[in-house]
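Reading through the structure tokens given below for one structure.
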Amino acid sequence: MSDSKEPRLQQLGLLEEEQLRGVGFRQTRGYKSLAGCLGHGPLVLQLLSFTLLAGLLVQVSKVPSSLSQGQSKQDAIYQNLTQLKAAVSELSEKSKLQEIYQELTRLKAAVGELPEKSKLQEIYQELTRLKAAVGELPEKSKQQEIYQELTQLKAAVDGLPDRSKQQEIYQELTQLKAAVDGLPDRSKQQEIYQELIQLKAAVERLCRPCPWEWTFFQGNCYFMSNSQRNWHNSITACQEVGAQLVVIKSAEEQNFLQLQSSRSNRFTWMGLSDLNHEGTWQWVDGSPLLPSFKQYWNKGEPNNIGEEDCAEFSGNGWNDDKCNLAKFWICKKSAASCSGDEERLLSPAPTTPNPPPE
């Protein structure tokens, strides 16, 4: 009975093929090719992945590149940083490394397109958190990729704006360098260390108006001491760094300095005294105290009780006090000018910050 079925099945197969031809269906080469591909699952996945990546690149290329339309870039960068933060927060010792590496790659590309003043505060905060997370990475992961990323990041830092958060960036780099010293003696450790040294030097060479630990205001740099000296020694401390015990030239400068002093709740020397002639107040640069500045004395001051010949910031105004008393002090000097990239590149990098000796 099985022998009689085979001719019948062959006849049915021929009939079905004829019917398919009747409605215009043919087994084309493309159809056969697709059938062949479906037998190779990994290859199909690769083709689909390539198609998706190509579409993503097309979409990225449509992001506006002009500075006036830079907001979309900034938002994308900020989203990438947020995703990176989330990935880092979920780290176990040997997981999520591939995701972090991919996020770092995208972040590097985004930093290269940053306008000069966009999202710097957010980037700084994310870098701070990332530094802490890097210290928890397993000993052997992605060192070669990290080395390459640091090399390219150094070039990106060279394009950062000259000011904005330089002090914080410098401190973060210093701490990161110390963390690298504790890495296991694995591949590329020496190269990573050298890259960090060069990156730190590049940040130090960025043109900045004031040295580290000084405050910039209206073309001048101010150093607020953290130790105390008498009035004469305060003058010496400022002179040793090419500055002067502060001489106030305008109402705006007075308001700025008074605010700094009152916030810290400190008694602070200024460069004003009547040592040469009682009752005739004179600045350390030889200029007299203008009548319009007398309004800044506290009520009842100066009163010269017990030979009080030197002026200080006290509360919300000025007070006269004995010059031999130890108090905080403020130094002032002109800010550096930055004429362009040539001056920035030629200026030597300081080996250490240079506040007055305390």
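Note: Cβ is positioned from N, Cα and C throughout, glycine not excepted.
Taken from Swiss-Prot, the feature topological domain 'Cytoplasmic' covers 1-37, and the record attributes it to sequence analysis. Annotation source Swiss-Prot lists motif 'Endocytosis signal' at 31-34. Annotation source Swiss-Prot lists transmembrane segment at 38-58, citing sequence analysis. Residues or ranges marked as topological domain 'Extracellular' by Swiss-Prot: 59-358. As annotated by Swiss-Prot, N-linked glycosylation site applies to N80. According to Swiss-Prot, the feature repeat '1' maps to 96-118. Taken from Swiss-Prot, the feature region '5 X approximate tandem repeats' covers 96-280. What Swiss-Prot records for 119-141 is repeat '2'. For 142-164, the entry in Swiss-Prot reads repeat '3'. If you look up Swiss-Prot, you'll see 165-187 marked as repeat '4'. Under the heading repeat '5', Swiss-Prot lists 188-211. Among the features that Swiss-Prot reports, Ca(2+) binding site is placed at E301, N303, I305, E308, N319, D320, with the record citing similarity to another entry. According to Swiss-Prot, the feature region 'Disordered' maps to 336-358.
Structure coloured by features recorded in Swiss-Prot.
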residue: E301; record: Ca(2+) binding site; Cβ contacts under 8 Å, 6 or more apart: G317, W318, N319, D320
residue: N303; record: Ca(2+) binding site; Cβ contacts under 8 Å, 6 or more apart: D320
residue: I305; record: Ca(2+) binding site; Cβ contacts under 8 Å, 6 or more apart: none
residue: E308; record: Ca(2+) binding site; Cβ contacts under 8 Å, 6 or more apart: P302, D320, D321, K322
Across the repeat '3' (142-164), average pLDDT on the 0 to 100 scale: 58
Cβ-centroid neighbourhood (8 Å) of the Ca(2+) site, E301, N303, I305, E308, N319, D320 excluded: G300, P302, N304, D321
Largest tally of Cβ atoms lying within 10 Å of a Cβ, found at which of the binding-site residues N319, D320: D320
Secondary structure tally of the repeat '5' (188-211) (DSSP, helix then strand then coil): 17 helix, 0 strand, 7 coil
